[in-house]
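Here is the structure we will look at.
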Amino acid sequence: MALQRRSRPKKNVLRLCISTLTYTLLLEAFAYFRSSDFSFFYPLPVLYLLPREVPTPKPSMSSMRNAVQRRNHKERGQVQGREKWGLLEKHKDYSLRAKDYNAKKAKLKRLEEKARDRNPDEFAFGMMGDKNRTQGRHGRGKGTARESAAAQGLSHEAIKLLKTQDKGYLRTVGERVRREIERLEREVELQDGMNKALGKKDGKKDGESDAEDDGFDDDSDFDFGAPVQPKPTRTVFADDRQDQLAMKKQRIQKEEPASESEEEDQTSSKTRKTPKQLQAERQALADARRARKLRKRTIEARNNKLTALHKQHAEIQTAEQELDWQRAKMENSVGGTNKDGIKWKIRERKR
């Protein structure tokens, strides 16, 4: 009987099925572990080959609660009558203030006890020296670095500006103030020229005071413009008393017709004016007087501002010079005086 050979294709098919099933199971396992939080078990090649599935987070209760708009929390504010004292003091503010107050009170108590228990016979040779009089923040040593800027003629604003700003800022502010001073000086010169052209001085007549401006608006004390110069008179000499009386009589006869005509014109004009016209004239006089007062106050305000700007410009220049001096001393480019009162200067090359 002839021997039959075993069929190899069946064995190969079986091996292929097993390998396919194994690969599928491995893929499913890797996909499961990758979707979970076990990524540290994966080998590195598989991490880059397999697609990553990001799980969608489930909304929690806190996020849903935060998504809803809540009512704004409001605190009781300061009452209207005490707004100038700042915000309403809460308990934590009171606690801080009370703690600081108690600490200061305890320190004062310790200082009082120390002063009470001090030995009156205590002595040290350092008490006899003049050095202690100039030590500390409030020392008054002349010619030392402890001299305050206020003793040198600087105001508080200039000292503050000197400490906080630099030279560029001082130069900019000084230039702005200088331009403002020039503008005001041109306005003052123009006003003085107009007053000289009108024959007035500071916009008012000689002998007029400020108290008269506050009184009743009358025609007699109103300034209509430049004062009228009196006409020149002619002096005629008479030989005796009779000639003098005759000349006086002739002058009276000449003046009577003119005065009568003027009186007639005045009476006719007075009779023609209505109450509305009189009221309009009074209103015009009052408006003109009010405008004159306003012009006078404007001139005074301009002069006061010009004086203040001159003072400010001088302080800025002083602060700028002081800043230059301090910088030069820091760079050892200028001389000075040490704490012992010895003057020194930078050594220069002999020429």
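Every residue, even glycine, has its Cβ placed from backbone N, Cα and C.
Keep in mind that TrEMBL annotations are predicted by a computer and have not been checked by a curator.
Copied over from TrEMBL, here are the features:
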- 134-143: compositional bias 'Basic residues' (COMPBIAS)
- 199-208: compositional bias 'Basic and acidic residues' (COMPBIAS)
- 209-222: compositional bias 'Acidic residues' (COMPBIAS)
- 277-286: compositional bias 'Low complexity' (COMPBIAS)
- 58-79: region 'Disordered' (REGION)
- 113-153: region 'Disordered' (REGION)
- 194-298: region 'Disordered' (REGION)
- 329-351: region 'Disordered' (REGION)
Worksheet item: Same-chain Cβ contacts of the region 'Disordered' (58-79) under 8 Å, 6 or more residues past its ends?
Response: 85-88, 90
Fill in: Secondary structure composition of the compositional bias 'Low complexity' (277-286) [DSSP: H/G/I, E/B, coil]
10 helix, 0 strand, 0 coil
Item to complete: Pull the DSSP breakdown for the region 'Disordered' (58-79) and write it out as helix, strand, coil residue counts.
Response: 7 helix, 0 strand, 15 coil
